[in-house]
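Only one structure is covered here, and it is reproduced in the block below.
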Amino acid sequence: MVRSLLFALLSVAGLVAGDAADLVGTWSSKSNQVFTGPGFYDPIDELLIEPALPGISYSFTEDGWFEEASYQVSGNPKNPACPKASLIYQHGKFELLDNGTLILHPIEVDGRQLFSDPCSDNGISTYTRYNQTEVFKSFETFIDPYHGVYTLQLYQFNGAPLPPLYLAYRPPMMLPTETLNPTDGSTGSHPTGSSESESQESDDTSKRSLLKKRSLREHVKRSLENRYKTNAVKKSDSIFNAAFVWYTSFFLVGAGSLIFISS
């Protein structure tokens, strides 16, 4: 009972509303399987990597950058074999207003969404750019009295609480805080409040068509590669490799020794 009371006192004492410094870090939902950073999105090959379980993660830096990783699955009551899944990546700058409102301004050209509806898309997932400004009416951080960990509670624009997020990393685990996939003619972040498809430019349109043809499996195929980096090196096809040189040297030294002994 004393321990519970202590945690309760700590949570009340540690309750902070609207303090940007307390946002710093990587926060993850209860599943503890979704985290921002290179384990969720590969900006080089533009691959979204499917976590083991659904969840959401936010990261914040001291200089005003944020990153979001979301993996949501919604069931289909009429057909349980047809759940819809969505993977979303965004990053950009955040703004904290005087009234405690937190606004996330994503970089327009960097957001990505992979949407899968197996009973409607014939097994072909849709991969598009994504740009969604997010507004949180307020937030607070505190020590959870049950788990004893730092907790971030975000409140939606209407005041409804989101599921709590728990501190996973501090400093945060994030991709570089800069535009990752710049395009010609891009002018920075212009949030629209809704998801967007590829640019209307012909080259981007062609790229979008190609991406849409890829399956979910193809987009997440590098999951294990990214999580468990290999230390393998490229094998040389030349006969003059290290093993050849070593055995040749050994043979020559041995032959020379025999000649010296017999002479």
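Note that Cβ sites are derived from N, Cα and C of the backbone, with glycine treated the same way.
Positions annotated as signal peptide by Swiss-Prot: 1-21.
The topological domain 'Lumenal' feature in Swiss-Prot is assigned to 22-241. Along the topological domain 'Lumenal' (22-241), the predicted structure has mean pLDDT 81.
Taking a C-beta cut-off of under 8 angstroms and a sequence separation of 6 or more, Asn99 (N-linked glycosylation site) has no same-chain neighbours. Look at Swiss-Prot and you will find Asn99 (among others) tagged as N-linked glycosylation site.
Under the DSSP three-state reduction, Asn131 (N-linked glycosylation site) is assigned to coil, being neither helix nor strand. Residues or ranges marked as N-linked glycosylation site in Swiss-Prot (evidence: sequence analysis): Asn131 (among others).
Annotated region 'Disordered' per Swiss-Prot: 177-212, in sequence order.
Neighbour count (other Cβ atoms within 10 Å of the Cβ, all protein chains): 24 for Asn131 (N-linked glycosylation site).
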